[in-house]
Amino acid sequence: LGFFCGPNLPPRPKREWKPLEDRSCTDLPWFLLFTLFLVGMCGICGFTIMTGGAARLVFGYDSYGNTCGQRNEPIEGVRLSGLDHTDRKFVFFLDPCNIDIIQRKIKSMALCVSQCPTEELATYHDLKRFAMINGSELCSYELPGHKYPQLPERFEKCPKLPVPESKALPVFNRCTPVDISCYAKFAEAVVTFVSDNSMLNRLIAGVAASKEIIVGLCLLALVLSMILMVIIRYISAVLVWILTALVVLGSLGGTSVLWWLYIDYRMTMNETMTKDLRETEEPIDDMKTIKDHAQGLLIYAVSATVFTGILLLLMLFMRKRVALTIALFHVAGKVFIHLPLLALQPFYTFLALSLFWVYWIMVLLFLGTTGNPEKNEDTGLVEFRLTGALQYMTWYHAVGLIWISEFILACQQMTVAGAVVTYYFTRDKTKLPVTPILSSVLRLVRYHLGTVAKGSFIITLVKIPRLILMYIHNQLKGKENACARCMLKTCICCLWCLEKCLNYLNQNAYAATAINSTNFCTSARDAFMILVENALRVATINTVGDFVLFLGKILIVTCTAFAGVLALNYQRDYTEWVLPLIIVCLFAFLVAHCFLSIFEIVVDVLFLCFAIDTKYNNGTPGREFYMDKLVDFSRGKNSHKAGFLCTLIKLLSTFHIVSQIM
């Protein structure tokens, strides 16, 4: 962050937090930069439309560079270009089954025709008859239709016989064979996870027969996720203490087993050594090996004992912080009761992302048919390619995919943070705004789009190198040596960890901005200092809370899978269960992750508000706490009483946060 916020930030003044007051625009230069970037994205779309790329994609074009369905300008050096295809609106491939498996495209010559063949044409006389009756010539333009059977060029410039029956695609006007069996080779190359075609057919048949059940189970996962967000406040305490008990019992049990194995091994070793010495008075050759095994077990047992002791001390000193996690979960459940529209945030975000991704893919396809016409020397066909500086438009468009997607996700985080901040810092909950979420959205749009743009750009800068390294790793798979492969994976892992840490810091920076209306750098610094001061609490909430939410995801997936087994029980062929259940379980986990991630954001924002509240208020008149009474018992600032161990753990946690983020 030093590059964007400056290596030497001014001294941090004493922060007087004034929630929901003194609202002002933040990071205005970044808002202007993001606006210019959006203008560039729209300019790429406009360029593809103005240069004919969009028309070539939608209406199609032939192998001579002519767009079907319109009058064309001649292309220098390309014969049969510049034709009037006003009446020829469909693209017809002479050999539609000639597919390049590597490039995933049809290598056949394409022509513009007035009508797709509505029946199979087995001979050149059939081609002639079809041209005479329908006026649609299926051979190259220079060949007259009434002479097809006699022309020697018919073998190269006419379609491969037999010509299959075709239908035009609804929007893109391509003649597509009705019988897609000719695409079998392409399908085999795409679908490689199963070699038994009968097995594949049975799996697909199982999905087709169970489509209503799959839709119903997906809706069930959606409902269960929304219900869990409300009731998790009641079951969080049980889950946390069950988790704590399992960890303690597991550690004690594992340590006991190791000591038992060590003692049993020593007793067996002593008996064996005594017996062997009685039988043979010579020294035993593998005595050293036996002692090494015993010493190894002793080291494991001692290490496990030390680990268990430290764990028990941690549980003892962190019990109040575990209780704080439970209290925050309870308050987060109350937030969803007061702000039920928070549960719909994943829908809005998914809708916004879906619309943007559809637009992005559409423009990417436009770019594929935009550029200068070039004749392929190998095939003789005309292709459109971006050359010179124009080829960087594709890279610009790719960066736009990452930055704008991260921007939409950051807007969701800022919106949720603003609504939760409004809830927390409103003393009388009956006086909450009628629509806190809408108010948060309006504040975001009016004041803080620049902050969101800056935070999402930082994530983009980390994500792009990681994606490039992943691409290089995939391209070099099986070619690089072990050292290079290890270095690539290490770099990818480090960048992934950095991205996760920055995401967490950004989320808290957005919450600080929602509270105090400060710019991104100031908010990030303030949030970072608050997190460092409460490092032990942060570690507890992130570990215990994340595990509870993970258990919630597993609960939803398990319930949905169990319901799926009951619903699919009527299908006695159990192999047909596999694909429907996999689809349902993946969807259930995705939905649970989306909804519980909102819950996680709410918990993190509540904790930041709680930490700020307890730092700057002391409960005296005029400085009353904003916190809920349920977390009042955890506000004490006497954590130093935990002794040297607690202090050491806090220092280690602080160092961990600093090393991850800085």
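For all residues, glycine too, the Cβ spot is worked out from N, Cα and C.
Automatic prediction, not curation, is the source of TrEMBL annotations.
Now, the feature entries from TrEMBL:
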TRANSMEM  28-49  transmembrane segment
TRANSMEM  213-232  transmembrane segment
TRANSMEM  238-263  transmembrane segment
TRANSMEM  297-317  transmembrane segment
TRANSMEM  323-343  transmembrane segment
TRANSMEM  350-368  transmembrane segment
TRANSMEM  401-425  transmembrane segment
TRANSMEM  547-571  transmembrane segment
TRANSMEM  577-610  transmembrane segment
Can you tell me which recorded stretch out of 28-49, 213-232, 401-425 has the most Cβ pairs within less than 8 Å of the transmembrane segment (547-571)?
213-232
Residue numbers, six or more beyond the limits of the transmembrane segment (213-232), whose CB comes under 8 Å of its CB atoms:
207, 329, 332-333, 336-337, 343, 548, 552, 555-557, 559-560, 563-564, 567-568, 580, 583-584, 587-588, 591-592, 594-596, 598-599
Can you tell me which parts of the same chain pack against the transmembrane segment (28-49), counting only residues 6+ beyond its ends and a CB-CB cutoff under 8 A?
55, 359, 363, 366-367, 369-370, 393, 396-397, 400, 403-404, 407, 449-451, 453-454, 457, 520
Which of 297-317, 323-343, 401-425, 577-610 contacts the transmembrane segment (238-263) most, counting Cβ pairs under 8 Å
297-317
Counting Cβ pairs under 8 Å to the transmembrane segment (323-343), which of 297-317, 401-425, 577-610 comes out on top?
577-610
